[in-house]
Amino acid sequence: MNLHEYQSKHLLKKYNIPVPASEVVFNPDAAVDAAAKIGGDRWVVKAQVHAGGRGKAGGVRLVKNKEELKSAVKALLGTRLVTYQTDERGQPVNQILVEQTSDIARELYLGAVIDRASQRIVFMASTEGGVEIEKVAEKSPEKILKVTIDPAIGLQPFQCRQLFFGLGLQDLKQMRSFTDIVMGLYRLFTERDLSLLEINPLVITGSGELICLDAKINIDDSALYRQSELREMRDTTQEDEHETMAQQWELNYIKLDGNIGCMVNGAGLAMATMDLIKLSGGDPANFLDVGGSATKERVTEAFKIIVSDKNVKGILVNIFGGIVRCDLIADGIISAVKEVGIDVPVVVRLEGNNAQLGAKKLADSDMNIIAAKGFADAAEQIVKQVGVIA
């Protein structure tokens, strides 16, 4: 789950991490009131969307008076911001962050992720702050400093100093401030079950202060059950509606660009199914794993999600019956197809427990359901059916 910048900074303040004074607003008049509360004669207006690259897309603007402020907020609210991290439709702008300006002398990058190779949290720092860190990692990986944290003892102050001096910094007062910031970020990361934390940029002001000018936070979805405060921060308007619907039924769904819908039980089998569709000349429209308990209700909801994608011209169902019986799965598929009213061809491959009985039920259903003879046959059949429609 992703957070907006204003939500991320709200968390940073709870951990005594310095951020600029700011207010989130939902209309132009509130922006003027926020500016008066913040003070000063210039402000930064930031569109709140779950995507990077806002500045280049016009989503971050410097305003020099309250008339410009009101105009900028009015121009951004209700629009869809398209950045290099969004699709062509962009993300809806429903909130604006009005923030005080900062006297920037230097921009740094600071981040933390879970490294799957070492199975530990890794903190990263770079002198290349304020730019797309992905490009830095690709073109100049030597400019990214890393420290790996031993979970038995946690982040240690000497590791913070290691990053500090690695950035070419020397001032002792700044070192104490930097250490406090990194230690605070580590506590935030571990206590709130984060999967990604980025401060980009971490700025050094003209007076030598360190301030977190922008913040990006991703939370581990698997831990949301114990993070009730963060769970309430979810903004479903920033998420794909199909994926949101799938989460309600504990279905693992990711929308893709093809026209062949996929419903599979098991993530590995789902990936193999998409590979075989591509190998057979087709394009999968989604990844959808219904999990081990492919009940009638979940199968029905899975079909609803798949057919809600208007690009879908056919559906491939690939089920391996281990504990669950294939004949019961067949009953669920037939019932779901009737209930949802699917008018595109459906190819079903059943393998495992009672697979032959399940295939017979599908064949006897008098519906537009094709029982495949095997994995490869299933992929070839659905590609053929979709090709006929096209």
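The backbone N, Cα and C atoms fix where each Cβ goes, glycine too.
What Swiss-Prot says about this protein:
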BINDING   Lys46, Gly53, Arg54, Gly55, Glu99, Ser102, Glu107  ATP binding site
BINDING   Asn200, Asp214  Mg(2+) binding site
BINDING   Asn265, Gly322, Ile323, Val324  substrate binding site
DOMAIN    9-245  domain 'ATP-grasp'
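Here the binding-site residues are Ile323, Val324, and the one with the most other Cβ atoms within 10 Å of its Cβ is Val324. Ranked by how many other Cβ atoms sit within 10 Å of their Cβ, the binding-site residues Lys46, Arg54 place Arg54 at the bottom. Gly53 (ATP binding site) counts 16 other C-beta atoms within 10 Å of its own C-beta, drawing on all protein chains shown. Geometry remark: Ile323 (substrate binding site) versus Ser102 (ATP binding site), CA distance 60 Å. When the record's substrate-binding residues Asn265, Gly322, Ile323, Val324 are compared pairwise by CA position, the greatest distance found is 12 Å. Listed in sequence order, the binding-site residues from Arg54, Gly55, Ser102, Glu107, Val324 having a Cα within 10 Å of the Cα of Asn200 (Mg(2+) binding site) are Glu107. The Cβ of Asp214 (Mg(2+) binding site) lies under 8 Å from the Cβ of Glu5, Ile199, Asn200, Pro201, each of these being in the same chain and 6 or more residues away along the sequence. Separating the Cα atoms of Glu99 (ATP binding site) and Asn265 (substrate binding site) is a whole-number distance of 47 Å. The Cα of Gly55 (ATP binding site) lies closest to that of Asn265, out of the binding-site residues Asn265, Gly322, Val324. For the binding-site residues given as Glu99, Glu107, the lowest number of other CB atoms within 10 Å of the residue's CB is seen at Glu107. In the three-state DSSP classification, Glu107 (ATP binding site) falls within a strand.
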